[in-house]
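What Swiss-Prot annotates here:
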| type | residues | note |
| --- | --- | --- |
| BINDING | Lys45, Thr46, Asn128, Lys165, Val193, Gly220, Gly248, Gly249, Gly270, Thr271 | FMN binding site |
| BINDING | Lys45, Asn69, Ser70, Met71, Gly72, Leu73, Asn128, Asn194, Ser195 | substrate binding site |
| ACT_SITE | Cys131 | active site, nucleophile |
Amino acid sequence: MVSTKTQIAGFEFDNCLMNAAGVACMTIEELEEVKNSAAGTFVTKTATLDFRQGNPEPRYQDVPLGSINSMGLPNNGLDYYLDYLLDLQEKESNRTFFLSLVGMSPEETHTILKKVQESDFRGLTELNLSCPNVPGKPQIAYDFETTDRILAEVFAYFTKPLGIKLPPYFDIVHFDQAAAIFNKYPLKFVNCVNSSGNGLYIEDESVVIRPKNGFGGIGGEYIKPTALANVHAFYQRLNPQIQIIGTGGVLTGRDAFEHILCGASMVQVGTTLHKEGVSAFDRITNELKAIMVEKGYESLEDFRGKLRYID
């Protein structure tokens, strides 16, 4: 009997699939829908300290091979998600969930993380260092000096399981430099990747989203090769105790299989979940299991990270 069970930081999950932060996770109702689906767990919308409206609409557009968005971190504020998770972990103590968060400044990031540290939250925390869609705010993880400083400051007080969501990197030297920084800290996971920032999609003679004159993060099939490269590059470079969540271009079980083959311990679904709804988790899981049966694999460990090279 094949199994898609997995674990992150010692927490076990019945399935390796989950939503990506930003999709099907704004409200408790959406999170409940993911929780009750075939997904192994969920991650909340990336929370800031206070409620954010986000960027003006239209700010999301499905396009033939994926999506473009410039949402601008709309969310209901940290307390909304943290209170829900604190209640949920008492009701469903056998399951573990992810809380995504980021501050609009380094000071706010520390305020948020200290609040989580002081709470009774027992799940996994994901610090988003990679949002490309807040005007005037750079993607932190492209600035290695700032990333190093923030992680040093965070781990001076934060002792709960923490991972970071990363933007896509495109240069081998950047993989080396980023991994050298991440290996200095007790990170539990890195999430590769957020949307590929600042693409343009045009219909007729116009952009399709309003913020930033149409520039937005690209998701879906467009980014799978980049996502796989990031997953595998960090799998090769990171300490074994830093696991990898693969995100980007997961439409089918084959896509999920490739993320795991490259080294991912969990796989997030974003654009496809937005287009198809939570039934996508069932379909992708069944497709993944069919591939495993065909290849004679019984568990994810049988093929995780075992990408073959050409001599």
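Quick reminder: no glycine exception, Cβ is built from N, Cα and C everywhere.
What Swiss-Prot annotates, mapped onto the structure for a quick look.
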residue: Lys45; record: FMN binding site; DSSP (3 states): coil
residue: Ser70; record: substrate binding site; DSSP (3 states): coil
residue: Asn128; record: FMN binding site; DSSP (3 states): strand
residue: Val193; record: FMN binding site; DSSP (3 states): coil
residue: Gly248; record: FMN binding site; DSSP (3 states): coil
residue: Gly270; record: FMN binding site; DSSP (3 states): coil
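Highest local Cβ density among the binding-site residues Gly72, Gly270 belongs to Gly270, counted as other Cβ atoms within 10 Å over all protein chains shown. Of all the recorded positions listed (Cys131, Val193), Cys131 has the fewest other CB atoms within 10 A of its CB. Residues within less than 8 Å, Cβ to Cβ, of Ser195 (substrate binding site) and separated from it by at least 6 positions along the same chain comprise Asn69, Pro132, Gly216, Gly217, Ile218, Gly219, Ile223, Gly248, Gly270. Lys45 (FMN binding site): 27 other CB atoms within 10 A of its CB, across all protein chains. Each residue contributes its Cα atom, and for Val193 (FMN binding site) and Gly72 (substrate binding site) these two points are 17 Å apart. Taking a C-beta cut-off of under 8 Å and a sequence gap of six or more, Ser70 (substrate binding site) has these contacts in its own chain: Asn55, Arg59, Tyr60, Asn133, Ile209, Arg210, Pro211, Lys212, Phe215, Gly216, Gly217. Gly72 (substrate binding site) sits 8 Å from Cys131 (active site, nucleophile), taking the CA atoms of both as reference points. Most Cβ neighbours within 10 Å, among the binding-site residues Asn128, Gly248: Gly248 holds that distinction in the structure as shown. Cα separation, Cys131 (active site, nucleophile) to Lys45 (FMN binding site), rounded: 12 Å. Farthest C-alpha pair in the FMN-binding residues Lys45, Thr46, Asn128, Lys165, Val193, Gly220, Gly248, Gly249, Gly270, Thr271: 20 Å apart.
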